[in-house]
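*Asks:* For reference, the structure I am asking about is given below.
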Amino acid sequence: MGLVNGRASLTFLLAALTIIAMVVEARFVVEKESISVLNPEEMRSKHDGSIANFGLPDYGGFLIGSVVYPDSKTDGCSAFGKTFKPKFPRPTILLLDRGGCYFALKAWHAQQAGAAAVLVADNVDEPLLTMDSPEESKDADGFIEKLTIPSVLIDKSFGDDLRQGFQKGKNIVIKLDWRESVPHPDKRVEYELWTNSNDECGARCDEQMDFVKNFKGHAQILEKGGYTAFTPHYITWFCPFQFINSPHCKSQCINHGRYCAPDPEDNFREGYEGKDVVLENLRQLCVHRVANESSRPWVWWDYVTDFHSRCSMKEKKYSIDCAESVIKSLNLPIEKIKKCIGDPEADTENQVLRTEQVSQIGRGNRGDVTILPTLVINNAQYRGRLERTAVLKAICAGFNETSEPAICLNTGLETNECLENNGGCWQDTKANITACQDTFRGRLCECPVVKGVQYKGDGYTSCTPYGPARCTMNNGGCWSDTRNGLTFSACSDSVSTGCKCPEGFQGDGLTCEDINECKERSVCQCSGCRCKNSWGGYKCSCSGDRLYINDQDTCIERYGSKTAWWLTFLILAIVAVAGLAGYIFYKYRFRSYMDSEIMTIMSQYMPLESQRAREVPSEAEPFTL
């Protein structure tokens, strides 16, 4: 009965997917890398290759190796039983024919034979397609998770050229380049993971959950630092209208058949139902939304890992109560999350899940999301196994040059190209300044900013400081020298650039030499003048006991100078005496004038003795009428 139910479930899903395919035109985008033929010269060319969806592509890096085509077992469908070694000390890139077995099995046999990468040549003329890993089967068990080398599909004509060149004995050297496989427009990477809360879907589900647990630490560091913007997504289907009231639809869907997921155990009679998965997927979406609103989007990683360990299907704990206990333990507002989830029984659209269905459809350069798990970085689908370090490298490849966080420049992820020959960039070994900037995809030769001073130049052969404080940095690249306690410099803070020899020196500013003014007879030309050159200047003197006047370029007598000083002193003394006499005279006259004025004023109010004697008659005089 379980088998019958499983087939019924599969039939239902196929019908639903068929309806969806009729509604929207599905689009699958092939993610590519660059392949360059470096040697021999007559074969030099550039081609595209399709990145396989297994193994570990070297995102942000490149690989240079020699092409080897096997004498037998050219399809790689069985073990080679030997190790391929090129004639030259380079990594082996094994060329294999398409057909006969899984692509991943070819890569596995190539890896066992010592290959660093594998090229699979198409056997028909057609556009490139993506080599995917096989579904769960006995053939796939044991090697899919062990594949570490990158695999690339190339078109038939390019494969024919490589095959013929190798058979003619040519040493074919190619470069596999993944540095531009991930768009890197700015300093923030936006990535999304299409996943599922179901942990009973076999190897695919285990791979997803293992990745989430292992990548959690990296993801939260990047998110907390503001370097990335992560968004989780969940695939949902809808039930065809004619099946809405069927038992299958009711057990696998919510909101009256609008959002569905397959039965976890493929058994409609017992265990968990598809709608349980849809509801938990919705809850995890709402956890991210609510956490993002509180500026803690990284809490989603905590919730998903905690839910898997505490509420797994395998332990029969996959329930709403268990989920809400995890939410409470993470101090998330449970009422907001419930409001976000809404009523799963209502005959209405759920905007969160509706958005997910729309997002499944490809936009721009991104193809439709059709398989789980799918990782999208800067709107480009990641190819390869979901492995912590490999995914981190792909995310790091999405940063613009020089904007990568420190976690991306770890020696375990990339090679610091500035350590060898300074990356071919300009450097000032004396000041320990370099134009080489290590980046995840390589290096940049770019003049630096040191202590607030901007250097300008091409970054390869020259960099010179620019701006007001440029002279503090190695004297602005200009000439400078010190002798006998004197320092002269060709750098001036009053100008933003350039070098100019100071007065007393001549040259281009990078080198300056003392000018011998005495030899050039440009100074000390007066009669009786003597010139003595010095570093950065000169000294003029006069013969005898005369003094040299620099402004007039002349010599004067010292005694004449003393007479002038005595004459000046005498004149000043006379002026001082005259001033003193005037002051004394002025003071005397002013006092006499004041005495007279005071007496006049007082006489008006009280008669003075002399005036009284005239006005009072004498006693001897007779009185007359």
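Using N, Cα and C of the backbone, Cβ positions are placed for all residues, glycine too.
Swiss-Prot lists these features:
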DISULFID  CYS418-CYS436  disulfide bond
DISULFID  CYS425-CYS445  disulfide bond
DISULFID  CYS447-CYS463  disulfide bond
DISULFID  CYS471-CYS491  disulfide bond
DISULFID  CYS478-CYS499  disulfide bond
DISULFID  CYS501-CYS512  disulfide bond
DISULFID  CYS542-CYS555  disulfide bond
DOMAIN    58-166  domain 'PA'
DOMAIN    514-556  domain 'EGF-like 3'
CARBOHYD  ASN292  N-linked glycosylation site
CARBOHYD  ASN400  N-linked glycosylation site
CARBOHYD  ASN432  N-linked glycosylation site
MOTIF     605-608  motif 'Tyrosine-based internalization motif'
TOPO_DOM  27-564  topological domain 'Lumenal'
TOPO_DOM  586-625  topological domain 'Cytoplasmic'
TRANSMEM  565-585  transmembrane segment
*Asks:* ASN400 (N-linked glycosylation site) has how many other Cβ neighbours within 10 Å of its own Cβ?
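*Replies:* Other Cβ atoms found within 10 Å: 14.
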*Asks:* Using a Cβ-Cβ cut-off under 8 angstroms and a sequence gap of six or more, which residues of the chain neighbour CYS478 (disulfide bond)?
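*Replies:* Listed in sequence order: CYS471, SER489, ALA490, CYS491, CYS499, GLY509, LEU510.
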*Asks:* Going along the chain, which residues six or more apart from CYS542 (disulfide bond) have their CB under 8 A from its CB?
*Replies:* GLY528, CYS529, ARG530, TYR548, CYS555
*Asks:* Taking only C-alpha atoms and a 10 A limit, tell me which of CYS425, CYS445, CYS501 are near CYS436 (disulfide bond). These are the disulfide-bonded residues.
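*Replies:* Near CYS436 (disulfide bond), where near means Cα within 10 Å, the disulfide-bonded residues are CYS425, CYS445.
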*Asks:* Would you identify the secondary structure of CYS542 (disulfide bond) according to DSSP, in three states?
*Replies:* strand
*Asks:* What is the number of other Cβ atoms found within 10 Å of the Cβ of CYS471 (disulfide bond)?
*Replies:* 22
*Asks:* Within the domain 'EGF-like 3' (514-556), how many residues are helix, strand or coil going by DSSP?
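*Replies:* Breakdown, helix to coil: 4 helix, 20 strand, 19 coil.
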*Asks:* CYS447 (disulfide bond) to CYS425 (disulfide bond): how many Å between their Cα atoms?
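*Replies:* Roughly 9 Å, rounded to the nearest whole number.
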*Asks:* Could you tell me the C-alpha distance between ASN292 (N-linked glycosylation site) and ASN432 (N-linked glycosylation site) in angstrom, no decimals?
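*Replies:* It is 44 Å, counting Cα to Cα.
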*Asks:* Would you mind sorting out which of ASN400, CYS418, ASN432, CYS501 (the recorded positions) have a C-alpha within 10 A of the one on CYS425 (disulfide bond)?
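*Replies:* Correct set: CYS418.
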*Asks:* Counting across all protein chains shown, how many other Cβ atoms sit within 10 Å of the Cβ of ASN432 (N-linked glycosylation site)?
*Replies:* 8
*Asks:* Could you tell me which three-state DSSP class CYS445 (disulfide bond) falls into?
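*Replies:* Assignment for CYS445 (disulfide bond) reads strand.
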